[in-house]
């Protein structure tokens, strides 16, 4: 049988038994960082409370660190460390992959182990079963 | 308004001093009052390339330490009336340079000269940092070869973070130009050397000029005459054009053995 009205108030469990509701945890927006200049060899950019987006090239010898994801819109030749606080869901996105080293939550791969099929391609890098997957788009 | 231009590279032996000599001679022959300063304390070379090593009495360090007046240390070039050399000390080291001292000398020179060319030492230590600290523009000298390009990239990072202009804020950043030296079109064409486009793609700054590898450069150094003032050579012409561009002239880039790539003209266009 369908009921065409809301259940009667007495059908709800009595909320009175509960004490003061716990304060809702303050939602803090992640502090994402955007860099719009080339990241040069020897430079380090850190986004320790969120995502890091670089609009420009990242040179070999440059380092990117982020608690969250890392996005690079430009040739990525440097080192990228995503999920530095242990976030295994963090990902790295590159418009053109030529990185020296890629790491997510401490698991890394070096340039040596990247196949020719992903080099200079648009890729995303993520963790799956403790393995770092480098997957081209499209 | 005078301009302080640092000639830097990170890596040694790429042609900083040769380029400093050529650029300063070029600017002077275009009628600008120009001074070139040797920041390579302890490894004094610029005076030899400029051919004035026998006339050094006082030097940059003497002026910084108050032992001599600036006018006593400045050496006037014998070939060009409006070109001066401020040599450095061969007996001291980089620690003799102080930030206040460098600032004081540069401020004094700014009142007299249109262009102040700072010939930076190799490396990223004190000498190189002080050479670039007060610069308005930078000429980054690079060879078409991977280690030189990476070091230049490092210098560009320092130019955009460890200089007075960078510390002052966003707006009037140092303008950096790329000067590609010792370029051999044939070896670049054969793939033995990086191409102009490869280098520009990595460094992403406007191209000032491409100087071909030439025995004329070595000959000029040996006789102590800036390349630009010595015999007519392809390297001299390339330097002349680079200087004209530095001086704000719009001269189309022609590179032997390479067709001008799209990227290059884009980057060059951006410098205006």
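Including glycine, each Cβ sits where the backbone N, Cα and C put it.
Feature annotation from TrEMBL assigns domain 'AAA' to B:3-150. Residue counts for the domain 'AAA' (B:3-150) under DSSP (helix as H, G, I; strand as E, B; rest coil) come to 60 helix, 28 strand, 60 coil.
Marked as ATP binding site by TrEMBL: B:11, B:12, B:13, B:14, B:15, B:16, B:17, B:18. Summarising the environment of residue B:17 (ATP binding site), the number of other Cβ atoms within 10 Å of its Cβ, over all protein chains shown, is 25.
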Q. Given the model, what does the mean pLDDT over the domain 'AAA' (B:3-150) come out as?
A. 95
Q.
Just to verify: the residue among B:12, B:14, B:15, B:16 with the fewest other Cβ atoms within 10 Å, which of the binding-site residues is it?
A. B:12
